[in-house]
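The feature region 'Disordered' is assigned by TrEMBL to A:1-47. Positions annotated as compositional bias 'Polar residues' by TrEMBL: A:1-10. Look at TrEMBL and you will find A:59-82, A:111-142, A:154-172, A:204-223, A:264-291, A:323-346 tagged as transmembrane segment. Per TrEMBL, the feature domain 'ABC transmembrane type-1' maps to A:117-342.
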Amino acid sequence: MGDTSPRSAETGTGGTLTTDGRRGSAGGGVPPAHTPDSPGLGGGGGLPRRTRFGMESGFRVLTLAAGAMVLVIIVAIAVFLISKAVPALRANTENFFTFNGWSPNGTEPRFGIAALAFGTVLSAVLALLVAVPVALGIALFLSHYAPRRIATPLGFVIDLLAAVPSVVFGLWGRDVFINPVRDFSVWLNEYFGWLPIFGGDGPFGRSIMLGALVLAIMVLPIITSLSREVFLQTPAMNEEAALALGATKWEMIRTAVLPYGKPGIIAAVMLGLGRALGETIALAMTLGITFDISANLIENGGNTIAANIANAFGEANDTGRGALIASGLVLFAITLVVNMTARAIIYRRREFRDSAA
Amino acid sequence: MSLLERTGVAMTPGNIRTRKLSTAVVLGIAVAAVALAAVVVFGLGIGNWVLVVALGGVFYLAGVYVAASRVEGRRAARNRTWSALIHSACVLAILPLASVVWTLVSKGMERLDGDFFGSSMNNIGARDPEGGAYHAIVGTLEQVGIATVITVPLGVLGAIYLVEYGRGRFAAAIRFFVDVMTGIPSIVAGLFVLSFYVLIVTPWFNDGRPGFSGFAAALALSVLMLPTIVRSTEEMLRLVPGPLREGAYALGVPKWKTILRIVLPTALSGIVTGIMLAIARAAGETAPVLLVAGGGAAINFNAFENNQSSLALFVYQQAGDASRYAPARAWTAALTLVALVLILTIAAKLLARRNQLTR
């Protein structure tokens, strides 16, 4: 709004509505020699001089400080996590990145995030493999298939689901959803047990599969609502052109809607991935907390960085807390990279910026 | 929605063709597919009705594809298959969600009584069926309240900077990192407040011992709420028409006063919507509260000293409790929490609908 030019920012008209802070200089007036315009035209000579400590600059600095707070917080997160993690990492007697276990509370602390990082990535990727096709299907249904009187309330319900706390999904996962998943695991084990991922001989249930499925249900609303927004933004001209050329509805979607929405879909998936990687409580409640790198999806087991923090925090001493903070730092770095990539993709296509809040 | 559908023109690719697969045939294929699946599954004894449905769906898709490519051509057949898949994605997603809602209500009603809302877990042993979430509700309200008081001025001012003052690379960097900050995991926010406030700041006042408190949880929730509030407020401020501002400037109103008296009131309902959504999200967070508030069984009104619980944390702790009365308490607390969050969310959405500033 032209705040760079003193004329508009400093509110002309001879000081009828100026603030007290600027009264003094406005009353004194500025010598005509200082203004290039002739003082008779537009009251330029009566313009108050820009003061250093007026309300205007004060408010400006206030908002600037509030805005800069975001950067301060991000930097502070990194700084304080590092400062608390370093002593624990020094005390660690094993390699933090390759050791496979978590016992930081003894006199010889031994901990490493190998199994945790593996579990985090495995459960998040599995969750996305399940959630993304379904979410895109629902998004297409809402944007192109459903009649308006179904699409509006259904979209509203999907938005509400994004607000349901994760602890509720965790509770549902461990009390209710575990039964069908256990039955399914037993069935998979019986007929596909020759595959290593479905092998083992039980017990089944509190497994990576349960955690990943619960996670999939949780990230579904986010991916759905973002990609629905993107699909709705497809220019009607493109869709009509495809239909006019004789395309079927699916061909229209494939040739007009999906290519147009591709960056938005990628960004939505990345944001869902960021959410899945950082999810804590639902996984702490559904995974069977073990420390081994195993590709078996259905046997009790699995662990993630975030779930381990929630579970091990209660009995952690000083070094234990430092170790958990160190693992949190790794999680912070991973999610930061994922989110920054997603945002960079969104920013490249400015059209999607507003929808991806 | 395309122009064709809006205007109701009858010439869509679906009905220009003369030969079409009749509904009766499609229904017939569906029945045959399920029957075939039932025969296969029960004949071989490899599963129950769930497998029949799943296998029947696959047979149905294959059958419709074959029949439609015979009658209508391959492109129309592909169209049908994808349409069926997209519809089934919807059904597939609604099933678990319906299950969540159903269990929440049916199991949550069990302990939904005055005792639950009027008592805490103090002196409640594993064999006591009583006990309630009063202390947790107090904790949630205090923590979310403090977090709101901290975050709202900060977030709204930050958004004002981005919209009204911010230019160039610095503002672009802030905007980018606000978006990135939206994705920070809640547990990382909890660890941040743990390492900064609980382990470094509180020992100064607390004889060198770290002090867990509801205020620490409020700080962590603030970190999570800030980007959401900045983002939604920024969007709302951008919707305020430029001529409104220019009119104020033309009358000689200083910029800061224009912002406070003209721009903010115009965007107010939208800003409040964003704030309510952020509050709803913060109220459901468990992990940060678990790390820095410590939890506790007794009622503690003082958010600045001693452990405090919250509804979400209460759900988590009761779910892990071995007492046979704990699950009922967990479900009722979950129902309360969801009710709180959904009321806030729905109110926010209704408020947004009344908002005159639209894109």
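Heads up, residue numbers simply count up from 1 along the chain you see.
Cβ from N, Cα, C; glycine included.
Only pairs six or more apart in sequence are counted, and the transmembrane segment (A:154-172) with the transmembrane segment (A:264-291) gives three or more Cβ pairs under 8 Å, enough to call it a contact. A Cβ distance under 8 Å defines the sequence-distant neighbours of the transmembrane segment (A:59-82), meaning residues of its chain 6+ beyond its ends; these are 325-326, 328-329, 332. For the transmembrane segment (A:323-346), the residues of the chain that approach it from at least six positions outside its boundaries are 77-78, 81-82, 84-85, 88-89, 92, 96, 102, 104, 109, 111, 113, 116-117, 120, 263-264, 266-267, 270-271, 273-274, 277-278, 305-306, 308-309, 312-313, 316, 352-353, 356, judged by C-beta separation under 8 angstroms.
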